[in-house]
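Engineer: Dropping a structure here in structure tokens format, bear with me for questions.
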Amino acid sequence: MSELNEKLATAWEGFTKGDWQNEVNVRDFIQKNYTPYEGDESFLAGATEATTTLWDKVMEGVKLENRTHAPVDFDTAVASTITSHDAGYINKQLEKIVGLQTEAPLKRALIPFGGIKMIEGSCKAYNRELDPMIKKIFTEYRKTHNQGVFDVYTPDILRCRKSGVLTGLPDAYGRGRIIGDYRRVALYGIDYLMKDKLAQFTSLQADLENGVNLEQTIRLREEIAEQHRALGQMKEMAAKYGYDISGPATNAQEAIQWTYFGYLAAVKSQNGAAMSFGRTSTFLDVYIERDLKAGKITEQEAQEMVDHLVMKLRMVRFLRTPEYDELFSGDPIWATESIGGMGLDGRTLVTKNSFRFLNTLYTMGPSPEPNMTILWSEKLPLNFKKFAAKVSIDTSSLQYENDDLMRPDFNNDDYAIACCVSPMIVGKQMQFFGARANLAKTMLYAINGGVDEKLKMQVGPKSEPIKGDVLNYDEVMERMDHFMDWLAKQYITALNIIHYMHDKYSYEASLMALHDRDVIRTMACGIAGLSVAADSLSAIKYAKVKPIRDEDGLAIDFEIEGEYPQFGNNDPRVDDLAVDLVERFMKKIQKLHTYRDAIPTQSVLTITSNVVYGKKTGNTPDGRRAGAPFGPGANPMHGRDQKGAVASLTSVAKLPFAYAKDGISYTFSIVPNALGKDDEVRKTNLAGLMDGYFHHEASIEGGQHLNVNVMNREMLLDAMENPEKYPQLTIRVSGYAVRFNSLTKEQQQDVITRTFTQSM
């Protein structure tokens, strides 16, 4: 114990004392020790020769992936765990931060605990043979999450999956949406964290012996035992790279490396849809500042270490199927890093390291990963606002989320974004990811008595279809409300099953080891097709919509007479309908019982599944044709927001965060000239636009999320025809960024047909 205390004292030398020394409390450490920065980017250094050499090597593999739409390589015989692979390098002599998921760059691992079927599907898609022993083990001896879920699913849920009224459920792959507090590895070292977990384990003994909440207590004891074991395995993994992480980091290089080792353990053992990195830049700046002041490193060396960390995050890959890629296209893993924001005490959390992270988009060029997310506040330093705006204009690689909305909601300044738009407090909260429900199809079920318009089979509860020649708004709304009740029940039932089985068969021990003992859980539901449903209701209410029926009386098309207000133009007649749908569905979800008493939340988010949803949904009363993509996330339907940027932003900002606390995704594309004639004016105008969209006060809620693309449609058309000219072209789509060349032609076309705002 004295040896551990000596390690702690040495590592913490020069830091301001606080509660963080007596308990696991990273926020307190940051608040006591960080240096806010309000200056500009002039201090930044460029790429070193080592960085350029390493990144050129990585880009060879990335270009191959772009060209083939297939993995560079993947395992077929080794089930991945924290310790399953030997050390891997790009070029060991040049790397300042080390660690790969497997023994080779961009080689993907087998992670079978979520489900063997996805692995079999991937092997088949890419003409590789899965080792028969892997299949035998995970079919006959070791049950998977996927098998557990399908053992318990109801016939109703299976029909909902087949029809696409529920899509993307994490029932065949890792759920993700959990952020380990990877900073804890650097600040405390593994031995301290293992000691803390042992104390947590012991704290449950009295409840266990007295039969208090017996099942929950036994489960938590087992989970903590697994967490403790995972921490030990992290030490073993790091030792393969020549590092002893039993004690805390003693300098900036170790702080970055230790933090990354915590994350590497997560992505070696889990293939979650979103494996977010957290909120590390300000934490790491404390170590960098200490070393800079002591003359131990230069600014060039600081940037190089950040570059090599970010390079590793860019290289994380999971083995997926083409069907998965349709929903989440372009290999996203959502290594989301939340940057900036303001502290509860009024100081900015922007540091020089916030700039260094953004600078990687210049030292190594644009990239979709890590999913860099600016926590925007009107009170952010002006220099940082303008630099972030410049980075968006130059790279289209950033997303923005409203710190002035979320910080007071949590009463906490140490939250981060999981996945795309979903906030949670780091190390204290986790999400049960729930994909999304299709509101546009739900409306068609209301009109057709629960019969699916594409499959021509009964999916929803059997009821009389609407019979009249003209759709009546009140009748449609009454029936839709009934079908939303049904859908909410199917949805929550499915998610309860999924997350019970994931905890049982694919528990995220390494991630949860970097959480407190008792965490807050949210049941993160979602809706898709919001603008389609709102516009359809608007058409029914304000125009005349006549259903066209087939020989079986099924409404398969709609004829619209007259004009109707469309979402995205700051028209309260339709905007209020969208607001009502969000609030209405959330209230229905909130009435239902959730697994582990998770707090129900909801997102308005689609990822790239707006294309898949469109394929699965027939003609809708707004005039959208069968198969046409939905507007992504909370976006208006393509081309319908005709009154400029401010009107479109205003419509989306009306959607209530109080009923969508899992996030509201809005993707905004604007041509450069619409922002101004020169770079300085464009930076100022883009920053001003975000100040306006995110402006938040008690009486007027600000928008929650904004993807920003600044580019011309002509460039995207050229990139479709000449992909080799644009190997790193990055664009923002619903909730994340993606290399344009990694999208399918269909998805590229969808992006190109979206609204490119020509005026403010």
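Here the Cβ of each residue, glycine as well, is placed from N, Cα and C on the backbone.
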Engineer: Check the candidates Lys32, Lys352, Lys454, Lys588 against Swiss-Prot and report the one noted as N6-acetyllysine.
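Structural biologist: Record lookup, Swiss-Prot, feature N6-acetyllysine, residue Lys454.
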Engineer: Have a look at Lys7, Lys195, Lys390, Lys504 and find the one that Swiss-Prot tags as N6-succinyllysine.
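Structural biologist: Of the listed residues, Swiss-Prot records N6-succinyllysine for Lys195.
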Engineer: With Swiss-Prot open, pick whichever of Lys57, Lys96, Lys117, Lys136 is annotated N6-acetyllysine.
Structural biologist: Lys117
Engineer: Which of the listed positions, Lys441, Lys489, Lys654, does Swiss-Prot note as N6-succinyllysine?
Structural biologist: Lys654
Engineer: Sort the residues of the domain 'Glycine radical' (632-760) into helix, strand and coil with DSSP and give the three counts.
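Structural biologist: Across the domain 'Glycine radical' (632-760), the residues distribute as 56 helix, 21 strand, 52 coil.
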Engineer: Take every residue in the domain 'Glycine radical' (632-760), average their pLDDT values, and give the whole-number result.
Structural biologist: 92
Engineer: Hey, how far is Lys63 (N6-acetyllysine) from Lys107 (N6-succinyllysine), Cα to Cα, in Å?
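Structural biologist: Lys107 (N6-succinyllysine) has its Cα 14 Å from the Cα of Lys63 (N6-acetyllysine).
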Engineer: Tell me, if you would, which residue among Lys107, Lys117, Lys591 (modified residues) has the fewest other CB atoms within 10 Å in the structure shown?
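Structural biologist: Comparing Cβ neighbours within 10 Å for the modified residues Lys107, Lys117, Lys591, Lys591 has the fewest.
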Engineer: Based on Cα distances to Cys420 (active site, cysteine radical intermediate), point out the closest of the modified residues Lys124, Lys195, Lys454, Gly735.
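Structural biologist: So, spelling it out, the nearest of the modified residues is Gly735.
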Engineer: If you measure from the CA of Cys419 (active site, S-acetylcysteine intermediate) out to 10 Å, which modified residues from the list Lys107, Lys117, Lys467, Lys541, Lys654, Gly735 are inside that radius?
Structural biologist: Gly735
Engineer: Do any residues at least six apart in sequence from Lys541 (N6-acetyllysine), in the same chain, have a Cβ closer than 8 Å to its Cβ, and if so which, in order?
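Structural biologist: Long-range Cβ contacts: Tyr473, Tyr564, Arg573, Leu577.
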